[in-house]
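Some features that Swiss-Prot has for this protein:
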type	residues	note
BINDING	Asp858, Glu859, Met860, Gly861, Leu862, Gly863, Lys864, Thr865	ATP binding site
COMPBIAS	87-102	compositional bias 'Polar residues'
COMPBIAS	111-129	compositional bias 'Polar residues'
COMPBIAS	206-219	compositional bias 'Low complexity'
COMPBIAS	265-285	compositional bias 'Basic and acidic residues'
COMPBIAS	426-463	compositional bias 'Basic and acidic residues'
COMPBIAS	507-522	compositional bias 'Basic residues'
COMPBIAS	523-534	compositional bias 'Basic and acidic residues'
COMPBIAS	551-571	compositional bias 'Basic and acidic residues'
COMPBIAS	632-646	compositional bias 'Basic and acidic residues'
COMPBIAS	1658-1672	compositional bias 'Polar residues'
COMPBIAS	1675-1691	compositional bias 'Basic residues'
COMPBIAS	1692-1701	compositional bias 'Basic and acidic residues'
DOMAIN	1422-1582	domain 'Helicase C-terminal'
MOTIF	968-971	motif 'DEAQ box'
Amino acid sequence: MTGAPPYNPQSPTQQPRFPVYSPPNKNRSYYPNNDQYQQHPPQTPPAFAPQPSLSRSPHYSHAPSPLPATLPPLNGGAPPPGHHSEPSSQYQAHSSAGTPQFSLPRPYSASMMSSNGASPYNHSTSSHAHPSARLESLSQSPPKKETEPLYPIGGNGAPGYSSSMMREPRPASPPRETKHARAADPMSFASILSGPTEESSPKKQPSLPEALPAPATTITPPPPALAPVPARRRLTPPPVTHGLPPTSQLKVKEPEPISPAALPRLEKKPGAEKRRRNAEQEPKSAEALPVASANGAFEPTKAARVSNRKTLTERDAETINKIIAEIDNADKSDVESPGFEAEYDGYIVKSKKRALDAEKAEGIRRKRRRHDFLVKLGKTFEKQANAGVDRFRAANEASVIAEVQAKEIQDEKERKKDMQRKRRRENTVRLEMQKKLEAERKANKANDAAEKAKFLREAERAQRKIKSTKRALEGVTSPEEIGEVTPLAPNLEGGTTSSFHIGRSSPSRRKSGRSGTSRPKKSKEQKQAEKDAAEAAYAAMENDEPLPLAPKEDPRKETLKKEAKGARSKEPTPSPVSTFESKGYNQIYEQIWRDIARKDIPKVYRIKTLSLSTRQENLRKTAQLASKQSRKWQERTNKSMKDTQARAKRTMREMMSFWKRNEREERDLRRLAEKQEIESAKKAEAEREANRQKRKLNFLISQTELYSHFIGRKIKGAGADSSGDTAVDGSDETIQPGKADHTIDLPPSVADVGTKVTNFEDLDFDAEDETALRQAAMANAQNAVKEAQERARAFNAEENPMAALDEGELNFQNPTSLGDIEISQPKMLTAKLKEYQLKGLNWLVNLYEQGINGILADEMGLGKTIQSISVMAYLAEVHNIWGPFLVIAPASTLHNWQQEITKFVPDIKVLPYWGSAKDRKVLRKFWDRKHITYTKESEFHVLVTSYQLVVLDSQYFQKVKWQYMILDEAQAIKSSQSSRWKNLLGFHCRNRLLLTGTPIQNNMQELWALLHFIMPTLFDSHDEFSEWFSKDIESHAQSNTKLNEDQLRRLHMILKPFMLRRVKKHVQQELGDKVEKDVFCDLTYRQRAYYANLRNRVSIMDLIEKAAVGDEADSTTLMNLVMQFRKVCNHPDLFERAETKSPFSVGYFAETASFVREGQNVDVRYSTRNLIEYSLPRLLCSSSGRVDMAGPGNEQAGFRGKYLQHLMNIFTPENIKRSIDEDGGFSFLRFADTSINEAYEQSHLGVFERAVRRRGQSNRLSRLNVIYDDEEDEQTSKSVLPHSLFNIVQRNDRQAVRNVTVEGYMRDLMNVSEVTFEREGLDVIEPSASPAASAPPITISCSGQVALRETQDSFFNVSVRHALFSTPSRQMEQQILEKKLDPAPFSLPPMLPKPISTKGRYTHIEVPSMRRFVTDSGKLAKLDELLRELKAGGHRVLLYFQMTRMIDLMEEYLTYRNYKYCRLDGSTKLEDRRDTVADFQQRPEIFVFLLSTRAGGLGINLTAADTVIFYDSDWNPTIDSQAMDRAHRLGQTRQVTVYRLITRGTIEERIRKRALQKEEVQRVVISGGAAGGVDFNTRNRESRTKDIAMWLADDEQAELIEQKEKEALDRGEVFGAGKGGKKAAQKRKKDLTLDDMYHEGEGNFDDISAKPSGAATPVSTADNFGTPSSTPVPKRGRGRGTGKGSSKRAKTTTERLRLIDGDGGLES
């Protein structure tokens, strides 16, 4: 925002309604009321126009701005003077240019504008100024003070800047006329009665009429400065005063009297608003005022002429003068009160807003400038830092490299020495061990005690040697143990001998014998000097330089000689060897010499020989070098000089390669060392963190145990003792309903209540002392109990009627502790609770009283719903708490909840909250507000809704105070990061209850999400706790490790206060058993081909490596591969359906639009036409062109019909009868069994009609065609009527021999080929050949409607079609159905001959065989056998699938087998689910119920079925467990058998193995059992993607991969991570799990608008599997073949499937 005014120069709001002066020029428009624009800090405006909407109303002027109007000094100018008292004295001129961009000169220079009285800026008027000439009696505003202009004026009168909020500029207003005082005064009578000023053309300036001269005014300049007006005064309009103030210097002359003749004629006046508008819009002339030019001079302005007005009559003038006098004498109104205070306040608000916007914009620009400056400064510093680094590197790099190289060389030498020393010591240990064993063996065999003691001493000596050597190997420098030192003999004469130190070993005899060596020891410096000299000599030999031999008189030799002499002189004289005559000494002596002769002498000999050969080889090399050096001067030729450059280059290349290789090796070694250091540091840190986590875990578990101790113990039934339930015995205290004073107080804590620790960082978990941790845990537990009680009290305290009720019946202010509570079943509950359900009710009631939330985790089918309903009934019946209760359940169970509550507790009203947004809005009208008490007469008590709707309408649910919130299937909130979990956690409810049959589904984190939800104060921020559970328990299930029993016990102690779980087999004895069976199936030939082709197209090793890198695209590809393999296992038709085959049809086919508008029955016309058509003229097809059809143009046809068919027709009945009577031509009819009427009718029928009539007549002489020799000949002959023997027609009916008879052996003998064809079943097999093409018959084409109608009547003749195909018409079928008639009498055999092939019928269209459809899948073939057995046994089946596409295929199979079924999946509507389940439960004829595991596995009761079949198992075993418990639940009296179809040797076996591991996790955590019976030696949890890749491999490949991974681990590498490159550094996005891909659209069973899953979309593999499997797949990346590789853009489902199926890259 720039501080320029928001209005354009021509805005009418910038002008007063009654101007005081006229502008001096068209291009310079000054406005007397512009001081309000000075409130914004002036800045350079942008060059664009403002919005047109910023224009103000033209009818009202606005109050001046109270804000200061000063400009900041430019270029160090002086600050502006203080604000003056009259705000209207400061003006701001606007430029008339479009986008003025002028520089700002110094604003306070006096040379820019003159301050004389002629300047228009020196006119002083108020915000509602009046003309300068007026009556004395009128009120007037205070005079203006002359002020200096604040803005410089440009050459055209515009200021030096323009507003960024201006509109498009327009020409300035023309100069205005100066009228008479009465004409200019809006309140004067003349102004009221005068007509509107006539408008002139834009170019001509109007002038005053001559009869009205302009009044002369004298303006006296005011004093130059006045005191500034306070801000409070400037904020209000100036006060109204009557008369002129005493300080006014303005002198106004009285107007001259106006003659009556000069007055205008009285005419009809317009309205006040119109007059005011006209007065504002009309140009007015004024006196010639000076106009400032470009150089500051002033030019007078000429007054323009105006047209003369009409004069009034004398009578009119007298009337006007009289009225004027009355008006002048009347009381004047307060003209200074404009009545626009609201506009003024609005303007003030807008001005402040503009100032704030300007400040905000300036702040943004200031931040941007500061940011740019800091960026530039940072770049400068960075450049200087880099330069300094380069200078330092250039100065010190060489020395550092040399130092590092020298250090590395020295370290390598020391390492080699250490290794040699280590090997020698290990060899010594091994030899001494052998000696020790040998000595012990001899000692055991020795009979003499002395000899045995000798051997034992040798063994002891060897043992000491071994210990000392091992100590040296381990680098231990501690002194020998006291037991290893030989004890000193006591000195009886005076203590012990003190000349030997106990901590020092005795000197060796062998060493003392060698003490007299002639060779002196060399110091380390001497050895290094000799090495340096040797290296220098070798370097000189290599460079062909003379050896730097020491001179003969070298002082070093003299020094060495002196040192040797001094050493010899210092050697002590050896003492004479004393001889010993003992036998042991002699044996040791002889043994020493034998060892020397056998070992040391050959060793020394070898050393000497090797030294001699080395010396000779060195001398030989030296001689060769010397001879070469001596011959060099002879071999120097021109050729050798030319080769110098080549040799130098080769040498340089070799040196470069050597140093590169050397640097690479050094770098690798350095990296390896750094890696080892980092790993060791990580290991140490991991150990420290493990100890810390252990203490933190101990703290958290202790805290929860204390909480459990404080709130009491959970109720436990007698039948649950054997189930391993975590419940313990309760206390003896019970709740006594009706006694308000009965309370049970908790014991006081020994810890300080005020020491609650909410931040774990404040606790020192590294300290060894755990006293502080125990105290903090106890304090936190007690605070948690206290907070739960206070929260319950606070909730009850807000309900005033409820509090009064509590005082009479039950005191909720002092909740009791948890114990054995004997609560009877509520009377309003119509059902009878079982024993364990009643105990569950007791537990839930006590949780409610304590204000504690809980998890009811009974196994599915034990009645969690009825227990929850009984709690609500108990609260309503005993404590008169009628709600509101909130029940949230999956969408598929909403109707079940509504029905159960209405059925079991009719007194409780249920509000079903679901439907569209409009319906839910209507339902919310029934909600009571939060402060209204719910009673029995309330609109509703329980609201039932779904998880999805709760999230959508969470803002409405959060406004209601819920007494009890029940979450059914609580695993829906297992993720603490989901919006569903967060929204539900924010609901205002007294208690929460979670119902779930599977508290643990995939990992322990989901259990902790539920614990967080029910107790957020106790289980807050326990990430380490959750990680501990996931790491220890799941690794226990995977690696078969031993879980700490104490930790498991304490885990169960944590779950005890919050979770109650019972198992069916312990609490429900009458419930039938559940038997699970795994049915293994084999792959068929087609499935094996698909499976092998898929596996050959992918490399398992590449998948493992990509999985190790962690690329998101590769992980998605891997998941897609798993899906394709599972499709192959289910059915190969999921990839490619068998196609319907037919010959190529050559013809035209009609096209139609969508069939959606057609309704149920679609009338398909015969529209197929041949490409060849025979065109006929319209004349031939019409009646006029037909000879036999009568018409207006065909008289011959009428003649024929009249004479040939009637008058001259011989087949008339009269003629036939006369002929028969006279034995004429028709006398044969008596031998043809034909009457006269039949002969007449047949004469008028065609061939087809006569054939149809003969179809129903039986041949009574057919038995005469065959000779029978059995006993029935007599009966047969009797069946033939005597008069039929003379029937000449039937007797002479000649026909083929094969058609003589239709039954018996004769028929078989006459039709051998046909009978054989039928008996062999050749007519029911698929035809092996079919024609390549077919075409409809050639038709006649005519453009007339008559021909088309006849063609349609012929083709679609109902009677003809019925006779040929024996298909009744639609009307006949409808009548048969309506009247419920037997269709047999109305259906005759067709007249068409029987087709040769029953499969092909009369066409050559081949439909895929359903038998082959069944046998193509191993699973489906096994299922077919299983269903046949189950159907015969009277069982009913629940059939679960993972893919909705497979359900579609299964529907075709069940239709083929004529099994009645019903279907429920994710696409089934909510209202249809209830009806489908009810049909299956009530109709026993329905054999199979097809369900998807996710949609049909929750909340529905299907106890009518006793068999569950999983066609393909889910990834999560809990989902399958929930699905099978749809049948195995309360109400099931039969044994439930569960069949699981698993394809042997495929990915499904490994998926099942993984599911067993998850089940083991649940069993360990919930029941506390130990792992066993299942092999959990699988891969680690961190490599989940690698595990999935391992599923695709067979056993041999898996073994090979594990072996390679083990080898890589031994080398210290990560298997498959070497080829990762930069991909390893990429962060993974949100994982697209296999569950999401499989159950897309159907997994969310509470989603009403779920669509069928698209994961099982069939993929065309006609081209995929035709490619040879050995074709290598081109790899992606640079330098890896010609394959482009797929891009990293987001791919569609089709592209991903193509990429998986091997269609190559996705080249466009």
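Here the Cβ of each residue, glycine as well, is placed from N, Cα and C on the backbone.
On the structure: features taken from Swiss-Prot.
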| residue | record | Cβ contacts under 8 Å, 6 or more apart |
| --- | --- | --- |
| Asp858 | ATP binding site | Gly840, Lys864, Gln867, Gly997, Leu1060, Arg1061, Arg1062 |
| Glu859 | ATP binding site | Gly997, Arg1061, Arg1062, Val1063, Lys1064, Asp1525 |
| Met860 | ATP binding site | Gly997, Thr998, Ser1521, Gln1522, Asp1525, Arg1529 |
| Gly863 | ATP binding site | Lys834, Gln837, Leu1530 |
| Thr865 | ATP binding site | Asn896, Trp897, Glu900, Asp968, Leu995 |
Based on DSSP, tally up the residues of the motif 'DEAQ box' (968-971) by helix, strand and coil.
2 helix, 1 strand, 1 coil
Measure from the Cβ of Leu862 (ATP binding site) and count the other Cβ atoms within 10 Å, all protein chains considered.
25
Near the Cβ of Gly861 (ATP binding site), how many other Cβ atoms are there if near means within 10 Å?
23
If the ATP site is taken as the center of the Cβ atoms of Asp858, Glu859, Met860, Gly861, Leu862, Gly863, Lys864, Thr865, which further residues of that chain fall within 8 Å of it by their Cβ?
Gly997, Arg1529, Leu1530
Taking DSSP as the reference, which of helix, strand or coil describes Asp858 (ATP binding site)?
coil
Within 10 A of the CB of Lys864 (ATP binding site), the number of other CB atoms across every chain shown is 23
Its residues classified by DSSP, the compositional bias 'Basic and acidic residues' (426-463) shows 35 helix, 0 strand, 3 coil
Determine how many residues of the compositional bias 'Basic and acidic residues' (523-534) DSSP places in helix, in strand and in coil.
11 helix, 0 strand, 1 coil
In the predicted model, what is the mean pLDDT computed over the domain 'Helicase C-terminal' (1422-1582)?
82
For Gly863 (ATP binding site), the three-state DSSP class is coil
